[in-house]
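A.B. asks: Got a structure for you, questions after.
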Amino acid sequence: MGDSRETFGPKAFVTGFPVKHSRSPLIHGYWLKTLGLPGSYRAHEVAPEGFADFIASLKDGSSGFAGGNVTIPHKELAFRLADKPDELSRELGASNTLWRENGLLHATNTDGVGFTANLDERHPGWDRHDTAVVFGAGGASRAIIQAVRDRGFKTIHVVNRTVERARELADRFGPKVQAHPAGALAEVMKGAGLFINTTSLGMDGEAAPQLDFTPLATEAVVTDIVYIPLKTPILAQAEEQGFPIVDGLGMLLHQAVPGFEKWFGKRPVVDAALRALIIADMEAH
Ligand code: ATR
């Protein structure tokens, strides 16, 4: 039997394929409980061939959902099928947060605000430099590049093993973004004030290359969007070399805030107890 609060109030979802590993139900469940709000949030797996029908059921209200989160592989289609994608989503071509408003399906992408809110919380002043290095040019790097640009960084070097992917992003995000092959990493790190790993290197116990962070500006911040393990090999190296580091878990927590506020009507707070809850869950699995 579920909590009686789940029977009433708005219903929200996280959808993906697969979606069972998502920690979003834990995050939103924690906020619903601690804020004492009626409503529910659950994982709702939808296969790619069923996604358009799922969106149609959101639009006509038959799903019963007020909205929800969208993860891999549905973010691009969610953006394309929404009635009202916002400007952030339009530039990214992908949405991770949906909500119904006046009969229309709205969409945004909160990965970028999750990224900046995490750094604001854990290392205020991280944005005082002009130059950032983004390592990696996959799907996860897009919202980061957008957020760093919108925060005021004047030069953003995107470095990727496959340089064509970095070039596509430079074209998409404008002249402040410059594309480089992996061999240029040491050169573009010179004097940069922020280093962001968006590659999958070092994830889940996999090996990561040895990186020399010393060309970065003194006190440059090094962060990683991978959060399993919390201290990735890239972060461990940066810390050993004397740089402040920020792990990626807070991005996951903060990106959830705007959606919760839309569906349940109250802005939640990312606190130490929520962080501890997710870390405990990571350790248990
Ligand atoms: P996501 O959408 O989650 O970012 P992705 O699109 O597969 O995932 O991108 C993964 C990123 O990690 C890419 O930048 C990828 O580089 P390529 O574009 O050259 O594939 C990078 N990456 C993964 N394994 C790598 C490796 N062994 N060496 C260097 N870069 C790697």
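Note that Cβ sites are derived from N, Cα and C of the backbone, with glycine treated the same way.
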A.B. asks: Among Ile196, Ile225, Ile278, Ile279, find me the residue TrEMBL lists at the same NADP(+) site as Glu87, Gly136, Ala137, Gly138, Gly139, Ala140, Asn160, Arg161, Thr162, Val163, Glu164, Arg165, Gly248.
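C.D. replies: As annotated by TrEMBL, Glu87, Gly136, Ala137, Gly138, Gly139, Ala140, Asn160, Arg161, Thr162, Val163, Glu164, Arg165, Gly248 share the NADP(+) site with Ile225, chosen from Ile196, Ile225, Ile278, Ile279.
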A.B. asks: In TrEMBL, the residues Ser22, Arg23, Ser24, Asn96, Asp111, Tyr227, Gln255 are said to bind shikimate. Which of Thr7, Thr71, Thr131 is said to bind at that same site?
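C.D. replies: Among Thr7, Thr71, Thr131, only Thr71 appears alongside Ser22, Arg23, Ser24, Asn96, Asp111, Tyr227, Gln255 as shikimate-binding in TrEMBL.
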A.B. asks: Distance between Thr71 (shikimate binding site) and Glu164 (NADP(+) binding site) at the Cα atoms, whole Å?
C.D. replies: 25
A.B. asks: Less than 6 Å between Cβ and the nearest atom of ligand 1 is the rule; apply it to the recorded positions Thr71, Lys75, Glu87, Glu164, Tyr227, Gln255.
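C.D. replies: So the answer is none.
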A.B. asks: If you count other CB atoms within 10 A of each CB, which of Thr71, Asn96, Thr162 wins among these binding-site residues?
C.D. replies: Asn96
A.B. asks: Considering the binding-site residues Glu87, Asp111, Glu164, which residue's Cβ sits among the greatest number of other Cβ atoms within 10 Å?
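C.D. replies: For the binding-site residues Glu87, Asp111, Glu164, the Cβ with the most other Cβ atoms within 10 Å is Asp111.
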